[in-house]
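Just below is one structure, and these are the notes that go with it.
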Amino acid sequence: MIRGLVSTQPLRQVTRKPFYSSSIFVKGMATSGPAALQNEKGLHLLTMPTPNGRKVQTALEELKDVYQTPFSWTYIDISKNIQKEPWFLSLNPNGRIPTLVDNSQSKPFPVMESGAILLYLDQFGFADPLEHNEMLQWLFWMNAGLGPMQGQLNHFNKFAPEKIEYGIKRYHDETLRLLSVIDDHLSGKWTKEPEREYLAGNGKGKYSWADISTYPWVYIAEFSGITKDELASLKHLNAWLERITQRPAVQRALNNYAKPDVGHAAKAEADKGGRIASTQINRRSYPNSTLRSGAFSATMIPGLSLPRIFPTISCDESVPSSAVRAATSSALKLGSAPETEIKRWKRNFEAYAKDVNGGKYLDRDSFINAIAPKEDFSRIHRDQFGILFRVADSTRRGLVSWDEFVVFETMLKRPDADYWIAFQYFDVDSNGTITFDEFKSVFSSNLGPDSIPFNFDCDWVKLYLGKRNGEHVLGYHEFTQLMKGLQGERLRQSFKYLDSNQDGFIRPDQFKRIILELAGHKLSDSVLERLPTLTTLTPGQKISYSEVIAFHNVIHQMDMVERVIRDACAKSKDGRIDQTDFLNTASTTTRYGLFSPMEASIVFHFASRGAGGQPRLALVDFAQLLDPRWKTPSDASREKAATQGTRGVLDSMLRSAYSFTLGGIAGSFGATVVYPIDLGDMQNQRSAVVGQMLYKNSFDCAAKVLRNEGFIGFYRGLGPQLIGVAPEKAIKLTVNDLVRGRATDPETGRIKLMWEVIAGGTAGGCQVASIILFTNPLEIVKIRLQVQGEAAKLEGAVPRGAVHIVRQLGLLGLYKGATACLLRDIPFSAIYFPAYAHLKKDVFNEGYHGKKLTFGETLLAAGIAGMPAAYLATPADVIKTRLQVEARSGQSTYNGIGDAFRKILREEGASAFFKGGIARVVRSSPQFGFTLVAYEYLHKWIPYPGEKTPSEKIETALSTGHEDLSRIRARNALKILLDVHSDFERKEPATKAA
């Protein structure tokens, strides 16, 4: 089943014997029919774009997308009854299209009937026999049900010489019923499962022959006579139809087979000499094809004598033995690229394409510009990306078309693109296999005269490419295993070649020469320069084979080295680790011990730049080993000095203004979101005794405000609140960041808990200026404006404006409760900011393995941190409110914090200090949640101009930047070939010219 390609599980090769015998090979074809039927060695399709024809067209196009293998086809005009002529009947006695002819055998083998053709091309099957049977059920259902019924509807509705209403209605109703069967099945109506995406397979289903066979008939349902309204009611069927229509192979099957270039003239020409000029055959040229019709790999059909690149395979198995396991495991799924991705590819293609003979093409230089990463080429030379151009240029004309570019980009998305690129590079004749001569020729042509030689006559090579029946060739899987072990064999041969004394040691410069050839593209300049220092690990000033192998193992397992380092640093209290921590973490986080003590010593030797003893290193110290783009300390210092030199007083002021502005915007946003809750909080806290209560609780308050004042009552006093909140929150956020930045270890990125509390408390304390100048006056005006709303309704008083309140209070009155504000805000901030930081790091694992929190996780951490901070600061908030609210007749008055504390405790009890505590939590928690989230996202969305990534955040294979994904894939696709020799493709291989 083709759907097997979509599975992420490894594929399994299935041994299946041919289901035919040589006795049924067609005879007498050598002198009849189109030349493509007799002169070529591949598949040739006789077709017309009917629903049955499109089934096979789609199947071949899908297979072409996976393997980039060509096929040819001939248009058969059934209106002229070409399919009834003797030469055609010799292929298909039933005289119907489509008919497939396989020329890969010594005698051509024809296959008739679209369903039989699909099963003949059944390269991909479900490993689960029940899933495979389910696919067959829908395939047979299609061939025995929908196809015949809708075909009859087409006849009676479109082609019958007279309109027979009974026939039209009979087949219309049955066709509609069958379409409803598909719709119900896709909806999960009968199985009680979620909506399906495809007809067969577990879960949502898997794209298979069942879908390919059914799709062309559903596609023309309206043409057949099913009305738009009837089709519109089948929403699950429509979703399935749209899903399949988006596939590039399906689009080609719908659009590329319509021109009737072969008819009676072709037949007449065939009768004369048995040959039809290629110009008379309407065919398509595909990647790896030649100019001759029917150029197709002779290795495509299961059970044939040359099963090379197209063995019969099955999906969903755990045994990785198929010759095209991962190479085909996702290509069809990935071929159905999202429209936005196709547009991005198109934009990139057109940005670099050149006009050639009226068409758009990429030559070698423009192709490299389109796919190479936009960075310096110190590790991978720009010319080396020409390897990918050779693979993309399937026609070998020195140009890449748009279609070839799409195929190439799709190929890069496969998880094994690096091995697949290498396979195609070594497969010079593009026949799907690699011979010993091909391997030796391509390898040798990329080794310069000064390179360490490689002995192709060694026992290791013979194990893979030994002779058998004159020649032994490598399929895809055999080749991948050879390439995986090739670097180790090169290392062994190189050491033996340079160890002229055969004493088991080489000189430091010889060791450096080996590593430069085999792994120079993987290491930073700092590590490469210090390679000779490996001799300092042991006495003798020479390097043993054991040390060379240990160093190679470290490079080979660099991703695991990084994971262990990151895990160990994350668990360390001070963010630093030594060799013992590294080995302990490796033994506890992996099933088997991966690293020997010598390998651990090598890791720490190069990370510490040769420092002796047992150094404790931070994550940033390992950057030079983990990231090949790492700069030397002197280069980094010069770059940093150059950057800082441009920052003067003006720049510092601008940075402060930048942070202050973002903090103010974030604070205003958070305050606006929760302002209605703040109203209920204030109203409950100002009540002294039960007899004086206007509101029973926050819900009662909300209901009465809405009834008495309307929705606008919830936002009465918002203006003064925002004016005060903006500078207050800006100061708080800016100061907290400033103090935390000063107290954080620049290498480990850690900060002690004590300093976190101090940073938060300082941030709260620094609001003193804003409280004195802005917050307290505006807070008291806001509270009295809020109170006036309900007072006006209940007492008939005329509401006063903010100016009247200011005149009534006077200058000193505006600062009532200022001290209580301090007592509230300092402990709140001291609790809140450390809690927020630890929730992100310890609960949501921010930064662990490069994790970045989602919006929801950030909001949740900020909200939870505000709960204890808000509730524990409630007593100070109650006292502040009592001091600021205007007392009415009969209510208690307060003359300061101490007086308020004593009176509240005496008259109402200790519980009064927590009045409105829940409402305060409900208000403050989301307020600071939205404030912190807004503050962090504003920094991401509006970065300070010229701001760079902090040096502590080292980028490695596990934490890449924001580079275009296609360019990252292009770089990664070269790694297998560069492991053979770091200068691969720097010297143009002679084999390419051929």
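In case you wondered, yes, glycine gets a Cβ from its N, Cα and C as well.
Listed features, source TrEMBL:
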DOMAIN    40-129  domain 'GST N-terminal'
DOMAIN    128-262  domain 'GST C-terminal'
DOMAIN    414-449  domain 'EF-hand'
DOMAIN    486-521  domain 'EF-hand'
REPEAT    654-742  repeat 'Solcar'
REPEAT    751-842  repeat 'Solcar'
REPEAT    853-941  repeat 'Solcar'
Quick one: DSSP breakdown of the repeat 'Solcar' (853-941) into helix, strand and coil?
71 helix, 0 strand, 18 coil
For the domain 'GST C-terminal' (128-262), DSSP counts of helix, strand and coil?
93 helix, 2 strand, 40 coil
Under DSSP, the domain 'EF-hand' (414-449) has how many residues in helix, strand and coil?
20 helix, 1 strand, 15 coil
In the domain 'EF-hand' (486-521), how many residues does DSSP put in helix, strand and coil?
27 helix, 2 strand, 7 coil
